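Novice: First the structure, which I've put down as structure tokens, then a few questions once you've had a look.
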Amino acid sequence: QMSNSSSFNEFLLMAFAERRELQLLHFSLFLGIYLEGLLANSLIVTAIACDHRLHTPMYFFLLNLSLLDLGCISTTVPKSMANSLRNNRTISYSGCAAQVFFLSVFALAEYSLITVMAYDRYVAICRPLHYGTLLDSRACFKMAAAAWASGFLYALLYTVNTFSISLCQGRVVEQFFCEMPQILKLSCSHSYLREAGVTVVTAFIVFGCFIFIVVSYVQIFRVVLRIPSEQGRHKVFSMCLPHLAMVSMFVSIGTFAYLKPPSISFPVLNLVVAVLYSLVPPTLNPIIYSMRNRELKDSL
């Protein structure tokens, strides 16, 4: 139990384990995953920034994606590792708000950027003669800036909405980091209208981007099916495969995390799902993109 003096300025996060040996195991596993994510994404950023052959729209967006992945994994993992190492569960009120804000920035900006990357693939395959004009450096910069800005504005709305409600159902967050659904469970005000507003905005953005990605790939596959040679079809498909894998992973994990029925919502499953959506995309994205990419491999 927390004393009254601390109840208004800190939260208790969910611990992975009570036993010291398991806490140290959690620290070691998270440290390994975190270092892999840091190293892989930093290598991609460095390779793209330093190799002039990779100064193309696709790699520019990939560089931004790696920066977002670095931010995403650094928002939740270090605090969780530090708590396990110190046998502690607390996070300050401002630290909790910062986690909600930055995770929202990076998650939505990443989803927006994935949508922009679908457009990049569409132009490259369906309108190759216009690629240089539709995706010149100025257009690429504007699209990347729009993805970051949309993440920032959405996160501002999301965080202000979450932390402007009064909390009276204790201070125990049933997650290893601060996320909005768990904090709303601590609310004592019936702010359904406000929550509905944020839900509508979120659904509008998520479905809008998803429809755009689907339409882009329908157009791409129509072009692919018209290519006479099997080698040509294979080449085009291999261009799209990393992006398709990333979209599938991002959408499936996110959908399950936030749209799973309440009947199967219990703390252990919520914890596993949160580990999946906060750790898997940032650590797997660099591997997915570099595995089938000869240019990137050579540069690395």
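Including glycine, each Cβ sits where the backbone N, Cα and C put it.
So TrEMBL lists the following for this protein:
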- 24-46: transmembrane segment (TRANSMEM)
- 40-289: domain 'G-protein coupled receptors family 1 profile' (DOMAIN)
- 58-77: transmembrane segment (TRANSMEM)
- 97-119: transmembrane segment (TRANSMEM)
- 139-157: transmembrane segment (TRANSMEM)
- 200-224: transmembrane segment (TRANSMEM)
- 236-258: transmembrane segment (TRANSMEM)
- 264-284: transmembrane segment (TRANSMEM)
Novice: Examine the transmembrane segment (200-224) against the transmembrane segment (58-77) and state whether at least 3 Cβ pairs sit under 8 A, considering only residue pairs 6 or more apart.
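Specialist: Judged by the Cβ rule, the two regions do not touch, with the required three close pairs absent.
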Novice: Sort out the residues at least 6 away from either end of the transmembrane segment (236-258), same chain, that have Cβ-Cβ distances under 8 Å to it, and list them.
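Specialist: Hits for the transmembrane segment (236-258): 110-111, 114, 117-118, 121, 124-125, 181, 206, 210, 213, 217, 220, 223-224, 227, 273-274, 276-277, 280-281, 284-285, 288-289, 291-293.
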